Amino acid sequence: MDVHTRWKDRLPVGPAAVPPLLLLLLLLWAPPQSRAAQPTDLLEMLDFHNLPSGVTKTTGFCATRRSSRGPDVAYRVSKDAQLSMPRKQLYPDSDFAEDFSILTTVKAKKGSQAFLVSVYNEQGIQQVGMELGRSPVFLYEDHTGKPGPEEYPLFPGINLSDGKWHRIAISVYRKNVTLILDCKKKVVKFLNRSDHPIIDVNGIIMFGSRILDDEIFEGDIQQLLFVSDHRAAYDYCEHYSPDCDTAVPDTPQSQDPNPDEYYPEGDGETYYYEYPYYEDPEDLGKEPAPTQKPVEAARETTEVPEEQTQPPPEAPTVPETSDPAGKEDDPGFGDYDYVPTDDYYTPAPYEDLGYGEGVENPDQPTNPDSGAEVPTSTIITSNTSNPAPSPGEDKDDLGGEFTEETIKNLEENYYDPYFDPDSDSNVSPSEIGPGMPANQDTIYEGIGGPRGEKGQKGEPAIIEPGMLIEGPPGPEGPAGLPGPPGTTGPTGQVGDPGERGPPGRPGLPGADGLPGPPGTMLMLPFRFGGGGDAGSKGPMVSAQESQAQAILQQARLALRGPAGPMGLTGRPGPMGPPGSGGLKGEPGDMGPQGPRGVQGPPGPTGKPGRRGRAGSDGARGMPGQTGPKGDRGFDGLAGLPGEKGHRGDPGPSGPPGLPGDDGERGDDGEVGPRGLPGEPGPRGLLGPKGPPGPPGPPGVTGMDGQPGPKGNVGPQGEPGPPGQQGNPGAQGLPGPQGAIGPPGEKGPLGKPGLPGMPGADGPPGHPGKEGPPGEKGGQGPPGPQGPIGYPGPRGVKGADGIRGLKGTKGEKGEDGFPGFKGDMGIKGDRGEIGPPGPRGEDGPEGPKGRGGPNGDPGPLGPTGEKGKLGVPGLPGYPGRQGPKGSIGFPGFPGANGEKGGRGTPGKPGPRGQRGPTGPRGERGPRGITGKPGPKGNSGGDGPAGPPGERGPNGPQGPTGFPGPKGPPGPPGKDGLPGHPGQRGETGFQGKTGPPGPPGVVGPQGPTGETGPMGERGHPGPPGPPGEQGLPGVAGKEGTKGDPGPAGLPGKDGPPGLRGFPGDRGLPGPVGALGLKGSEGPPGPPGPAGSPGERGPAGAAGPIGIPGRPGPQGPPGPAGEKGVPGEKGPQGPAGRDGLQGPVGLPGPAGPVGPPGEDGDKGEIGEPGQKGSKGDKGEQGPPGPTGPQGPIGQPGPSGADGEPGPRGQQGLFGQKGDEGSRGFPGPPGPVGLQGLPGPPGEKGETGDVGQMGPPGPPGPRGPSGAPGADGPQGPPGGIGNPGAVGEKGEPGEAGEPGLPGEGGPLGPKGERGEKGEVGPSGAAGPPGPKGPPGDDGPKGSPGPVGFPGDPGPPGEPGPAGQDGPPGDKGDDGEPGQTGSPGPTGEPGPSGPPGKRGPPGPAGPEGRQGEKGAKGEAGLEGPPGKTGPIGPQGAPGKPGPDGLRGIPGPVGEQGLPGSPGPDGPPGPMGPPGLPGLKGDSGPKGEKGHPGLIGLIGPPGEQGEKGDRGLPGPQGSSGPKGEQGITGPSGPLGPPGPPGLPGPPGPKGAKGSSGPTGPKGEAGHPGLPGPPGPPGEVIQPLPIQASRTRRNIDASQLLDDGAGESYLDYADGMEEIFGSLNSLKLEIEQMKRPLGTQQNPARTCKDLQLCHPDFPDGEYWVDPNQGCSRDSFKVYCNFTAGGSTCVFPDKKSEGARITSWPKENPGSWFSEFKRGKLLSYVDAEGNPVGVVQMTFLRLLSASAHQNITYNCYQSVAWQDAATGSYDKAIRFLGSNDEEMSYDNNPYIRALVDGCATKKGYQKTVLEIDTPKVEQVPIVDIMFNDFGEASQKFGFEVGPACFLG
């Protein structure tokens, strides 16, 4: 390949540089045209010096030039310039040269993109063109149509429209085109033309634009030359446009007429530079050369060659005339730190530069033309290079040597970015960065020839200043090693879109068809909501706007521009190896859509789709009928720690905890109501048996005496003063289950209790607040096989993937500017079908194809992988009432949760009957005798517990006003779940409205900012107690406190002997007024407010806890395969396994409650002397003693538990309206409201937009019961279940056998209250209890066929302990739920606190054993008795079997006190301490999980407008429309040259492949999915709407049969869905019919690029289509929307108009009127529609034809003036004519000459759309006898 390179830095040439013989050959072989190639000056031929219209003079390239009187002269060209010439004038006597140069000095307007010159043949095909702008294009097309448009040489990274002067030289030689820019930068591109191309000489040359092109060159031009020699381009800066410090030769467009050194004779003749040594190597003698290695692929690098010590031998000696040291005025050098030098630089020798032609090479063909066939380009560059110093020179003389400093300076100023980010560009500078500077060095492309060997060393060059050295270009040197990579350039500016390509091939067959109908399931469309932060609701957008947004989204993804320009040139690296092939280019511009592909084959059954994104909540479902309580489901997985839940119902009593260490003494609590009997104390030593004495008379209450030895239990004394807390006694044996005490008053909220055991699954709670998404959980075990879901809708295009491996084709350059639409070529022969191309990127979502015929059902596919756990589904229809399921086995205990909030106390049960007397226990062994201890005073504080966090002493609160107790309201039915609303601002307080129907609980809104402190409210009920603080300083003894809270019932002690029934005691004295209680819990909810307006849809909440299994959903169509998801959480437990072997017997169950009294046994023999008897029955009360002295006030007791909710107080009067507060924090979630009254059925909503894919539906309900399978093997340990709500109490079990007594342990330090340990293994279940009441309704499942109830499942295996949950805040009290079924008996509760003794009653006589009495009323509290001395703990013996109760033994003597025993076991908890100050507000807890959905209410009110349905399938093809009328007259082209019709043109080049055609029809539906587990008719209301389309009509005949099995309602639903889909499709792609009008013709063309020109309906203002109108759509003209003048406005026939005056408007003529316009049917177009049409248009045009006879319409050729030009009145009342409107031009002006009948066609083509259409015309040249005129008004066309 021969590429000639000429630089201003001359090649050094010495005497031995060129062998004389070779020089002689060069001169002899030079053809004549190479010696005198005459340039043609286009500016001269276009008459620029006479300044035609649109051309003015201006200053040129150099403001001052040496040897010149003034600046260079240039011409400024505006948009008004229209310049062309016949091509014959360019080469009058010869053909257009095959190889030529185009030379120009030009400064284009910044940011413009237009053709500087265009050469057309006779057929109007552009054959040569030069486009200026960013990434300029050289257009070339020879007589064979080569190269095609996609192969036009493009020069990316170069910006010629940066508003600066550029000297541009283009050399076309063989199959290369070389661009030399500003004498420094050279880029070579491959030109794929034929071997002997022909350019027609009979066409025209246009300057500044192309035919029918809107872009017109604007800027300054100084020179434009065509030279029939490709080498002239290399000398442009020497001979044609030298630097400003050099005089200009008198060549074309000379600036200085004085002759200079180019003209030795000074005779002024035109001097044309000859090229004596520029010869084609193929014409020279072929000399053999040494074998050369193939040259590596030239890299894109700027090379500074190493110093060459030998000049090339071929270079002849030529005088040098340029002064390379004087570059300061050269605009091309900008702000360079230019290094002047007197030295000359040597490019690499020929051999190193890789000239391979004419050299025999074993690796290359020797055919001299072979180099021209290779589509590669080698670019030779040589910036600067120094020769080696001659022996006499000093090294320092090398002023031009490239030092590091030089390179650094060059780097700093090297990029002179031509791109100005402030230019008219819609891309921000950050997205683009600077373009490639126009003065950057050469870019390499392609593969060079083989590398030659190094030549012999030459002699130093002899150079005299002023000599012009013209050497032939040296061959390319080997590429250097790659320099360091330059910094990545910023992204280039996005190119304009290219021309539309030809239609593509038919699309591939359509995708596989939808999966077959689901197993009698139904999918309803739900709108897809975007996730993310909750934003405000946006405006409703039309379908077209949403489509535009989707297109914009696609475009945004495609906005990534091509790679930016190359980075700064690195320092020269060593030679690099050849690069591999470039990356594959990006896809070309998309052609028009291809024809629809053939219908694809039926698709196979789709795999289950991957889990889609979670959708927003669906539309509210229809309320279902109330269903029965469902069977108990399997234990679910443990949920994430939720936010603080609502206050739960009281749970069952937990088992007693281990004894804690002794706590610090708390303050005395208020005296509570009488508790149940406490546990028995430790057994005393045997005393002598005394007969029971009669009760003595009541004595006076004395002072507490010294404690005597412990005697038998005496009669109940009066309550003494509160004593100090005694040391805890040893733990006694658990007694039998005590009777349930009477209901206590509701105390204050206690401290949070320890977490209880997990209860059975409670009823679904209300939806909680929406929490933030939690962290990803661990992988759960795989769940059971879910049903196959419908495939989701097609997803949006994914983000760009990472770049693939290098491909073959090079990277696509920057997007070119749009090409101009060529004439339609002759249709080519059909090419062979090419190999299938690689898969393209996903296009935007195509319209859904029509359904294909159903295929045969395929075989059932293999079971898919288990899907991830779905999110809870929407409410389903209620199922039928199922039988009550049996209670499942308890699961393994979960791990301890965090301490939960204390629940509200449960309702106390009725008092139980008294148990029978228990058997007497065996006597324990005697304890070790202790050392006698000193007499003990009142016990001191116990051992200090572990230090707690010290709470500050709380101030005593003021006394509160107790509120009256209100009756509890009845529990309301659960309402339906509503859409979560966004939190509104707090409104002003309104009057309390009547209670509205309860709303559905929405998810918790976001936390608002803390509002300002409100005014003090009425005292609330007591609040929950705070955490226990450290004990405060003991206060003075306080007044007697209120009764303390009721203690928990203790375990029953062994029953004592039956005592005498006492009379009911007198009521005790009224206690003193208590201290003010702390703030109570919130009161009962007020009446519900009226329903608010429906809020906007909230953001999608986090994935809720797994719902109970819903009904099995229908199988969905297969989704596209998504990317593999993250490893999902552990799935739910698997299905029941096979029957396992019988397990080992379980551990012993818990002790049962005591049994009924047995029959009385026979009297046994007297037993051995018994141990000390149990505490006797309460004796009769003694008489009341005198009032004791008022004791010191005791320490303040702890807050009691909150009392029961009081009655609703009367509403107070409405207060004054307060100032508006700040929004408060979100309130607690309200209670589930009652279902609203049934509403009317809503009308069918309008079709909404296609929603994105909804979430996968939840799991369907259990299927029909299968046959009992064998016992499955034990499953793996499941995750811990969530804490269930309290189960219903079960029946009492049989009493268990008494366990053996364990030994008493030593007394331990009192520990902190331990957390409840996990429950032991479950005992065998008790007998089945009676059926309980129905529980609360379950949450509705998703819509499905209701399933028959299955039998109770086998109990699942117990899960492992779950991790402890975070501590939740105290919840609000919930409403009492309806009683659940009876639960299993709970374990014994902890021992209750000792109740105060009651007053003594009178002695009764021995009565007969009565029947079990009713529960007695609560007795008054007794005073605390004195504290006895602490006995020594005995050594516990093993528990014996419970013996028959023996008689009471005699009292034994007290044993001697033993030594201090070790600390006893943990005593019961001390009394609650004082309420501490409120601690700091804790961190917000984790958001709670969304509760289960409440049961469906009755039918609601009419719903809001429905969400848009999915896109319907396209309707059947309409009938062939009537052929439209022919289009309006198009704008005439520029005047062509008259000539005979030419021969038929060559076949046009094939355009780029169009986009893939629409997918073919989907195949038949696949086989039905797996059947639903139950088939029942779906309760669908059979209301008919206008969308009622029989679904069978939408199927092919063969397909209809497969739907016959569906329930009656399915057909209607499918018909409605299909109708919705069709309507949405038509909204997205309007058809231009009266019912489905487009917005404009441009809109219609974008949707249907294949529509022909014709009449269509448009509705610019959208909305209702009733006001649409019919227009003519000119798609050929780019989608113009045309309206026509009415019949009377179409014009007037030619006549002389004798009665009218020139200069008057046509509307003032007798036969005239204002012009008005109508649509294609003759109806006037409304003002509003015209206004919208103008708003939607960027330009408008209208033609007016003036038919004349000797009358001027526009220009008067005789005078050259426009004084008589027609004037127009625009729609905006603006007068327009030649003198004030540049947008009117005469396409044909035959009337200018005033000769005979002629016509003038005026075109108004204006961006000021408000001027069009014209409404009146003024004619100015008529009235003489010989003058006539008429006119025709064309349509007004608007282009978007």
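Heads up, the Cβ atoms here are built off N, Cα and C, so glycines get one too.
Taken from Swiss-Prot, the feature compositional bias 'Low complexity' applies to 335-352 (among others).
Here Swiss-Prot flags 376-386 (among others) as compositional bias 'Low complexity'.
The compositional bias 'Pro residues' annotation in Swiss-Prot covers 472-487 (among others).
As annotated by Swiss-Prot, compositional bias 'Low complexity' applies to 508-523 (among others).
Annotated compositional bias 'Low complexity' per Swiss-Prot: 561-572 (among others), in sequence order.
The compositional bias 'Low complexity' annotation in Swiss-Prot covers 673-688 (among others).
Residues or ranges marked as compositional bias 'Pro residues' in Swiss-Prot: 689-698 (among others).
Among the features that Swiss-Prot reports, compositional bias 'Low complexity' is placed at 724-743 (among others).
Feature annotation from Swiss-Prot assigns compositional bias 'Basic and acidic residues' to 839-848.
Under the heading compositional bias 'Low complexity', Swiss-Prot lists 910-919 (among others).
Residues or ranges marked as compositional bias 'Low complexity' in Swiss-Prot: 973-992 (among others).
Look at Swiss-Prot and you will find 1001-1013 (among others) tagged as compositional bias 'Low complexity'.
Per Swiss-Prot, the feature compositional bias 'Pro residues' maps to 1108-1117 (among others).
The compositional bias 'Low complexity' annotation in Swiss-Prot covers 1261-1270 (among others).
Annotated compositional bias 'Pro residues' per Swiss-Prot: 1382-1400 (among others), in sequence order.
As annotated by Swiss-Prot, compositional bias 'Pro residues' applies to 1456-1471 (among others).
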Cα distance (Å, whole number) from Lys629 (5-hydroxylysine) to Tyr236 (sulfotyrosine): 96
Cα-Cα distance linking Tyr240 (sulfotyrosine) and Tyr234 (sulfotyrosine), given in Å to the nearest integer: 10
Summary of DSSP states over the compositional bias 'Pro residues' (689-698), given as helix, strand and coil counts: 0 helix, 0 strand, 10 coil
Alpha-carbon distance [Tyr240 (sulfotyrosine); Lys629 (5-hydroxylysine)] in Å: 99
Other CB atoms within 10 A, centred on Tyr236 (sulfotyrosine): 26
Least buried by Cβ count (within 10 Å) of the modified residues Tyr234, Tyr240, Lys629: Lys629
Lys629 (5-hydroxylysine) - helix vs strand vs coil (DSSP): coil
